[in-house]
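Working notes, structure below.
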Amino acid sequence: MTSSTPLYDENEDYIDENHINTFAKALLWEDDDHDGLASPPLPAYEGDKLAEVNAEELSSVLTPEPNNESEKSRPEFVVSHNDWYPINAPEKSKAKADAKGRKKRASTRDEFRSSAAYTLLRWPFLIIITVWILLLCILYTVVRAYVALSEYMLTWVGERKVLRNKLRASKTYEEWIENALELDRYLHLDKWSSIPRFSYYDYRTVKRTTSKLRMLRMRGMDEELMVFLQGCLKKNFAGIENRQLYAHRYYGTKNVVHVYIDEVVASIDHVTESENITPEDKRRFFRSVSRNYGRTALCLSGGACFAYTHFGIVKALLDNDLLPSIITGTSGGGLVAALACTRTDDELKQLLVPRLARKITACEDPWYVWIPRWWRTGARFDSTAWARKSNYFTLGSLTFQEAYHRTGRRLNISTVPADPHSPVILCNNITAPNCIIWSCLLASSAVPGILNPVVLMMKDSKKNTIVPFSLGSKWKDGSLRTDIPIDALKTYYNVNFTVVSQVNPHISLFFFAPKGSVGRPVASSRRKTRREKYASLRGGFIATALEHLFKLEIKKWLEMIKTLDLLPRLSESDWSSIWLQRFTGSITIWPRNNFRDFWYILSDPSEEGLGEMIRKGERYMFPKILFLKHRLSIENAIERGRTKSKLSTAHLEHSPRFSGTPEFAGPEFQLQTVHYDDDYDSESSAEETLSPGFSQGTHAVLTDESDDDSSDDEIDD
C-alpha cells in the first residue's frame, strides 16, 4: 500500500548534469598497452550521443591542455581495457584498426598457468573437487535440517513458542526488552545473571577492579584513579567483551559486568571533571586510553537487494543513540552507508521510512530493455543511469571529506581494481578525501554481469569540476575480495570492535552458532535450566561436531581451488575469495531470508516491502543493542573527556594574557584553528601551536587534525 505522505527532500534535485556527463565521457576512454593511444571506440551502450563523442572533445574535458606537440599525441587519461570492454561486442577488423593507427591490446596470461601439467590436470582436478564439495554440501544440509527440526518439534512448543512469537513481533526496543525478560523468566535464565562465576571471563578481577575504582573515586584520589584506569581501559579487559557473556540470556549479562561498566563510566567522568589533575595530564591520559581502547565501526555487507535490510539496522541504532561514527559499506551496503554518512540524525529519522522506496529505482528497467543491453555490453544495468539515481542517497556530488564535515561520520566504501591482482582500496576521508561518493558507490556495486567496472571521479573544489581519480583506472565490487574490511579500518581509524550486518545469501546459509549468539541463547529444556545447567550445544555434541567438520572440509577444498588457481577468470575476475573472506565481527547480525526473497534479489522494493525489510533489520538488531551499549558507553565517556581536555589545554596554554573565556576578552578577540601534531606520536603538547587572529567576531573554533594515527577530528566550541 502506497502512502500519500511526501518523503523528506523527495522533490529535491541533487544531480549535477555536468558531473554526470563528464563521468559518462570518462567511461568511453580506453588505453593501449603498447603506445598509450586510445583503443577502438566502444559500441553505443551508454547513450547514442555519448558514444559519438570524439577523442578531442573528451580530451579537453578529462585532461589538461598539452604543452607541446608530443604531448598532444598521447592523452594522460589512462584506464583499463580488459574489464570494461563488452564481452559480447563485435570485434573490429584488423584492417580498420590499422587504418586508425591503433594496435590490438595484448591479452595477459598468468605465468603460473603455463605449465603442461597445469594445462593437462586443471579441469579434472576442478571437476573432482567440485563434485566432492557438492557432496559435502548435501551432508551439511542434512545436519542443519536435523538440528532445525529437532528444535522446532521438540523444544519450541507450548508456552515457550508463544513467548518467542511474542518476542519476534515486538515493534519497539522497549517492547522487545519487556518480552525478552518475560521469556528469560519463563526459562529460568534470569538466575544466570546473579551467579558471578563463569569460565569465559575473570569475574574475580572484574569484582576487584570495580571495588578499587569505587574506592579511589570516593576518596578523591584522582591521580591514582587515573593511573588505575589506564590498566583496565583496554579491549576485552578480563574477558568482559566475550560474546558468551551475552549469549545465555535474551536480554542481560552478568550483574558483575553491569556494575563494572557503570563504575568505569563514572570514574572516567570523574577524571574529566576533576580539578586536581592538570589539563595537560588529562590530555595525555585520554590520548593514551583512547588509543588503547580503540573505536567501534558499523560494517554493512553487500547482498544485492537483501542489503536494504541494513536500513533497519541503522534505524535501530539511531533510535537508541548508538550509531557509530565510523561506517563502512560494500555494494548494496555502501548505499545504506552513504545515506547514513551524508545525512544528519534528524534527516535520517525522516528518511528511514517505507516511503524511501520511492527513491530506490535501480532495477526499474523491464526485461525487454535490460536483456538487449546485457547482450551488447555484458552488463544488465546502465552506469550513467545508476549515477543519476544514486545522487539522492549521496546528497549530490558530495565527497568523502565533505560528508565528514557535514555529519561527523566517516564513510568507508570498499572497491576492487579491475586488475585481479591489484590491491583493494578502502575509500574514505583519509585515502580518497576528494573522491565523489556516488562514483565510488557505483564501483563497489559493479559485479561482473550486473554493472561494468567504472571510473572513480574526484572533485576539484576550486573549479567545481570533476576529473578521473587514480589516473582513470576502473574499479568494481569490493565484496569479491573484501566484503568486511576490518584490517583496513584498524589501520586508518584504530577500530578494534566491529558490528557487522551480514546479508550475503551465499554466506548467511552457512552461519551456525553452536553455543548461541548475542541475545539468542541455545534452546535448552526447562528441566536443565531449572537445575542451573545453562550451557548446551545446538543439536547436541555429535550434530555440532559434524556441522563443524563438514564446514571446515568445504572450506579446505575451496582454499585448494584458490591456491592452485583452478577457477576460470570469468569476466577477468577472481571469484575464489567470495567464500574465503572474514565475514564476521565482534557482533554479527545475520538477518534470515526466505526462499521467496531470492526471486526479488534484483528487484526494487515496494513501500510495503521496504517497510518489512526495515522492521526485519530492527528485530535482528534488538538482541545486540545491550552488548553494543556497554561498549559505547565507555568509548563515548573517553571521547567526552578527550574533547574537553583538548579545549582546556588549548585555552590555558595559548591564552596566557587574560583569564576567563573568550567572550570576556573583548569584542575583537577570535580563537582561530588549532593544528595539533599526531596525538600518539608526540609525547607532549610542545608542538601544538595556536594561530591567533583578530576580527569583529567572537566565535571560537578549535580543530584537531589528528584524532588517530591518520584520522581527522573536528570540534566546534
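Heads up, residue numbers simply count up from 1 along the chain you see.
Glycine too: its Cβ is placed from the backbone N, Cα and C atoms.
Marked as transmembrane segment by Swiss-Prot on the basis of sequence analysis: 123-143. Here the transmembrane segment (123-143) has Cβ contacts under 8 Å with residues 510, 539, 543, 546-547, 550-551, 553-554, 557-558, 560-561, 564, 566-567 of the same chain, all six or more residues outside its ends.
Here Swiss-Prot flags 298-490 as domain 'PNPLA', drawing on sequence analysis.
A Cβ distance under 8 Å defines the sequence-distant neighbours of the motif 'GXSXG' (329-333), meaning residues of its chain 6+ beyond its ends; these are 299-308, 310, 411-414, 444-445, 447, 477-479, 482-485, 501, 503. Annotation comment: Swiss-Prot describes 329-333 as motif 'GXSXG', evidence class sequence analysis.
The active site, nucleophile feature in Swiss-Prot is assigned to Ser331. Ser331 (active site, nucleophile) falls within neither a helix nor a strand when secondary structure is assigned with DSSP, and so counts as coil.
Sequence annotations record features per position, and here Swiss-Prot assigns active site, proton acceptor to Asp477 based on sequence analysis.
Taken from Swiss-Prot, the feature region 'Disordered' covers 680-717.
According to Swiss-Prot, the compositional bias 'Acidic residues' annotation covers 704-717.
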